[in-house]
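Enquirer: TrEMBL lists these features:
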- 43-294: domain 'G-protein coupled receptors family 1 profile' (DOMAIN)
- 27-50: transmembrane segment (TRANSMEM)
- 62-91: transmembrane segment (TRANSMEM)
- 103-122: transmembrane segment (TRANSMEM)
- 198-224: transmembrane segment (TRANSMEM)
- 244-262: transmembrane segment (TRANSMEM)
Amino acid sequence: MPTVNHSGTSHTVFRLLGIPGLQDQHMWISIPFFISYVTALLGNSLLIFIILTKRSLHEPMYLFLCMLAGADIVLCTCTIPQALAIFWFHAGDISLDRCITQLFFIHSTFISESGILLVMAFDRYIAICYPLRYTTILTNALIKKICVTVSLRSYGTIFPIIFLLKRLTFCQNNIIPHTFCEHIGLAKYACNDIRINIWYGFSILMSTVVLDVVLIFVSYMLILHAVFHMPSPDARHKALNTCGSHVCIIILFYGSGIFAILTQRFGRHIPPCIHIPLANVCILAPPMLNPIIYGIKTKQIQEQVVHFLFIKQK
């Protein structure tokens, strides 16, 4: 992208339009957004509460699930309240610093979730391939180190983006046809050369999310190899069943993420009234559905939820 010299003042305030072309329908569009957001908050909060308060669930698999639920709450809270403020109060003005802060947490949380899913795949690999050594390998000390590593990786890789954006001069249009801020979506309004932003964003994607997908795929190939060498059909069924919830969440998370990235990068001909709602759905769907998937497919969590919601009330 060629550099353009401008002597104009750099914009420090931007205007998020919400969903261009559907401004008259914002109030109606906000209803499913609000219901989905409340469902995500309640579902993930309940999941965290049950896992932390029930000692029988203080196992690596459930502790990693607790981390995933926390990341889900952060991810949807970074975007949906802002969208609702636009839909309800036309509060689309956002400062540059706040915009950068929002996209920092959106991108870092996405990478964090990807890392947690990789760790959960490693957990299933150890549980199925080395069941007798499961507790000696996944100790509390190792789990704490994993949590710190996942956090440092997610925040450390995204942190330079703050400086890559702060160096830019935003002297073009300050109207953003979206409900939230995104790295390249914001950078393209700069008058400077943003090739370094594009390449750094691409390198982060390849070294984190794409690498995680490859490692998860390898983990499940090893898991399938071990499962199909089990002598008992019941043992094979039980082993595969323990991976069912995780596989569903992997497909949901990466499927939504890949779709959002592709529409952002290559969907220039997709109307904003289609692209922007889909981008929000891609962010909101995993946090809303993850607790439901684990609640349905994991017997221990299902029993604890039923006990908490119904038996305890009596």
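Cβ atoms are placed via backbone N, Cα and C, with glycine included.
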Enquirer: Quick test of the contact rule: Cβ under 8 Å, at least six residues beyond the ends. What residues does that give for the transmembrane segment (27-50)?
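Expert: Same-chain contacts beyond the flanks: 19, 57, 65-66, 69-70, 72-73, 76-77, 80-81, 83-84, 87-88, 277, 280, 284-285, 287-288, 290-292, 294-295, 301, 304-305, 308.
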Enquirer: Under 8 Å between C-beta atoms and at least six residues away from its ends: which parts of the chain pack against the transmembrane segment (244-262)?
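Expert: Sequence-remote neighbours of the transmembrane segment (244-262) are 68, 110, 113-114, 117, 120-121, 124, 205, 209, 213, 216, 220, 278-279, 281-283, 285-286, 289-290, 293-294, 297-298.
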Enquirer: I'm checking region-level scores; what's the whole-number mean pLDDT for the domain 'G-protein coupled receptors family 1 profile' (43-294)?
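Expert: So the average pLDDT across the domain 'G-protein coupled receptors family 1 profile' (43-294) works out to 91.
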